Amino acid sequence: KDEEIMERGNWTGKLDFILSCIGYAVGLGNVWRFPYLCYRNGGGAFLVPYAIMLIIAGLPLFFFELNLGQFASEGPITVWKVKPLFMGIGWGMVSISGMVSMYYNVIIMYSIYYMFVSFVNLDDTLPWQTCGNSWNTDECRTEAYPDIENAYNETVKIDMLMSLKSMSCLNSTATFNKLSTQFNMTFNSFAQYYSNSTYLENYEACDIKFRTASEEYWTRYVLRLHEAEPDRLYDIGDVSLKNILCLLVAWVFIFFCLMKGVKSSGKVVYFTATFPYVVLVILLIRGVTLEGYMRGIDFYITPKWHLLKDPKVWGDAATQIFYSLGPAFGGLLTMSSYNKFKNNTFRDAMLVSFINCGTSVFAGFAVFSLLGHMSLVTNRPVEEVADSGPGLTFVAYPEGIAKLGDWAPIVAFLFFFMIFTLGLDSQFAMMETVISGFTDVFPRVLRPRKALFTFAMCMLGFVLGIPMVCKGGIYVLTLIDWYSGSYGLMIVCFVELIVISWFYGVNNFRRDVEMMIGRKPAIFWVYWYATWVVITPIAIAFIVIMAAVFYTPAYYDRHDGRYSFPPFAEGVGWMMVCLPLLLIIGTAIFQAVKYGGFIVIMAAVTYSPAYYTRFDGKYEFPPFAEGLGWMMVVLPLCLIVGGMIVQSIRKGGIMNAMKPDPTWGPALDSDRTGRYQPIHGQEFDDIQNGTTNMGYIPEKEKGGPYMVSGNSYNQKM
């Protein structure tokens with residue numbers, strides 16, 4: 001036990017791990033993405049594909065990664081000693097978590113800023129509650145939109161419509177010509193608009209593009225997007241001083257929470273993982289006491305069953321459950337690697353998965369109850385006030401909060417405090433993945449200096465995040481968000497499943513899991529076998545196909561239209577997509593070289609027919625001699641295929657990299673039982689069939705692991 005703590009550390013309590021997993025899985029997406037997807041994809045009907053995707057993809061992947069990390073007590077890179085050829089999977093995980101952490105903390109930084117602003121205005125008006133501030137424009141609007149449908153006469157209806165139109169636009173010759181064409185009659189006077197409200201109601205070209213006070217505060221004051229060059233991503237403007245200082249605060253906070261590894265972060269999550277639920281309950285209670293709340297809730301849950309025929313709905317459900325539970329980021333592997341060996345991973349996987357999904361549904365009620373009230377007081381449809389992502393967090397929801405009067409500052413403070421804590425837990429796991437990944441690869445150098453290395457990584461994240469807090473930094477953030485965790489994440493997840501289920505062997509993996517949670521009846525494993533081996537890889541392939549079919553290049557919606565990224569930015573985005581795949585392939589080649597198998601590849605590439613150099617020139621062998629040579633080359637392969645080789649070669653060749661490392665298995669000798677038990681002092685004939693540890697001997701007894709050759713320890717690794 002002491003040895004284990006000295007090497008990597010452990011959770012100080014079982015609840016540390018559970019809360020860390022809940023905090024990791026329950027993140028910003030549960031609040032700002034799921035409710036939006038739910039109403040867009042059929043309301044309550046969306047829960048059907050969502051639940052199905054949880055069963056066939058989310059839960060199997062969650063249980064799979066918890067077992068893999070806990071069994072070996074290794075981080076996301078070194079855990080792949082199970083199949084060293086595929087150690088690039090771990091590097092791919094670390095690269096994805098690193099890229100996502102870079103922009104994720106910028107979002108946390110914005111929540112810190114809004115939280116500070118809400119706090120200092122607890123006795124005053126929030127800055128996004130009013131227009132007329134220095135950053136506002138003439139298009140800013142806080143009053144409700146006119147209720148045109150319920151206007152009691154034609155004159156009032158026309159006056160309402162005119163208040164939403166640009167007078168200069170309506171009185172232009174171009175408008176007269178367009179109206180004449182559209183309604184097949186001659187328009188040459190402004191006064192003709194007053195004859196029939198239909199003309200104004202069905203002509204939208206002169207509509208004023210009003211902006212909410214919260215939108216202008218977000219884009220013109222917090223981001224200062226209007227000061228950035230609108231169509232030049234490579235010139236994103238100056239750094240925003242207030243934002244960069246908040247970003248520094250965010251990274252310093254992350255450092256102090258992670259400086260002692262899981263011993264410090266495991267205590268912080270007792271608050272950060274539970275506080276969001278307190279705030280959600282408060283927001284829901286306040287929301288359902290507001291007039292018009294049912295308008296939002298009905299819009300959120302009313303099922304639209306016909307939408308289930310749309311494959312995009314199923315693709316959205318699969319994508320949401322995938323990103324919500326967080327497999328392939330390396331976070332689950334990392335957190336479970338700090339568990340005790342006998343921890344019940346099945347219980348943890350079931351508990352966290354269903355808490356995560358339940359939180360998503362519950363958060364939707366809290367969000368849409370307020371949006372329903374906002375829809376009522378502004379006379380706008382719910383679909384016009386609803387949004388997802390940063391648009392919900394920093395525009396739509398603050399606008400709804402602004403309508404709460406004296407309650408607005410305290411509700412705003414609680415809401416952004418909740419966003420802050422939701423983001424922290426996920427950020428903890430992703431940064432710990434990056435840090436543990438490197439410290440496990442270089443334990444002698446980095447583990448004794450883990451606090452210093454953690455500080456260095458946090459400061460690196462701060463420096464890399466600076467472009468995202470420039471005045472045009474939201475473009476950079478959007479680009480990284482769009483590509484960093486998309487196809488690359490799916491590829492990593494697909495490959496890790498195939499490697500363990502097919503190359504390492506699902507039977508071997510099952511026996512490993514049973515060493516931790518105890519033997520289970522065969523019926524227990526039917527579901528896991530079916531999903532790990534076949535169903536879940538197919539589901540991941542389905543997600544990739546759907547993402548490709550409905551792929552759209554990255555864009556950012558602004559009040560004046562949609563900004564599409566230039567080609568070079570798209571290229572950078574696809575480089576982020578390809579990075580994990582390149583790491584997998586590149587590491588596989590490196591491992592092949594390391595294990596001696598690459599010589600076969602090089603021999604094929606540089607092949608030339610046999611010859612003999614004489615003093616009078618080069619002698620080339622005749623065709624029949626070449627044939628004899630190739631018979632000698634093919635003979636070993638024929639013998640292998642025919643089953644004529646009794647004993648496989650254990651040294652040399654790429655196959656060595658496809659076999660578990662001699663030290664693969666539980667980290668502690670006390671946990672090595674069954675086929676992983678140390679075999680020092682045993683007869684080889686007594687070893688359980690199927691042993692894969694290749695003669696592991698405790699280092700304290702023999703000085704290192706040995707490989708078995710014949711009936712003796714005769715080849716030290």
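Cβ coordinates are placed from backbone N, Cα and C, and glycine is handled just like the others.
Those TrEMBL annotations? Automatic predictions, nothing curated.
Annotation source TrEMBL lists Na(+) binding site at GLY23, ALA25, VAL26, ASN30, SER324, ASN356, LEU422, ASP425, SER426. Annotation source TrEMBL lists disulfide bond at CYS131-CYS140. Per TrEMBL, the feature transmembrane segment maps to 15-32, 44-64, 244-262, 268-285, 349-371, 407-430, 451-480, 486-505, 526-551, 571-590, 597-615, 627-649 (among others).
Within its own chain, the transmembrane segment (15-32) has Cβ neighbours under 8 Å at 107, 262, 265-267, 269-270, 272-274, 276, 320, 323-326, 331-332, 335-336, 338-339, 343, 348, 351-353, 355-356, 359-360, 363, 367, 388-390, 392-393, 418-419, 422-426, 428-429, counting only residues six or more beyond its boundaries. Counted within 10 Å of its Cβ, the other Cβ atoms near VAL26 (Na(+) binding site) come to 26, all protein chains included. When each of the listed stretches 244-262, 451-480, 526-551 is scored by C-beta pairs under 8 angstroms to the transmembrane segment (407-430), 244-262 comes out highest. The stretch in 268-285, 451-480, 486-505, 526-551 that contributes the largest number of Cβ pairs under 8 Å to the transmembrane segment (244-262) is 451-480. Residue pair SER324 (Na(+) binding site) / CYS140 (disulfide bond) shows a Cα separation of 36 Å. Against the transmembrane segment (44-64), the recorded stretches 268-285, 451-480, 486-505, 526-551 differ in Cβ pairs under 8 Å, and the greatest number is found for 526-551. By the count of Cβ pairs under 8 Å, the stretch nearest in packing to the transmembrane segment (526-551) among 268-285, 349-371, 451-480, 486-505, 571-590 is 486-505.
Within the chain, the transmembrane segment (451-480) has long-range Cβ neighbours (under 8 A, six or more residues past its boundaries) at 99-103, 105-107, 109, 223-225, 227-229, 233, 235-240, 243-244, 247-248, 251-252, 254-255, 258-260, 390, 431, 434-435, 438-439, 554-556, 563, 565, 569, 572-573, 576. Cβ neighbour counts within 10 Å, taken over all protein chains shown, single out LEU422 as the most crowded of the recorded positions CYS131, CYS140, LEU422. The two recorded residues, LEU422 (Na(+) binding site) and CYS140 (disulfide bond), have Cα atoms 31 Å apart. If one looks beyond the transmembrane segment (571-590) by at least 6 residues along the same chain, the residues whose Cβ comes under 8 Å of a Cβ in the stretch are 85-89, 91-93, 95-96, 99, 479-480, 482-484, 486-489, 491-492, 495, 554, 565, 598. The separation of CYS140 (disulfide bond) from VAL26 (Na(+) binding site), Cα to Cα, is 35 Å.
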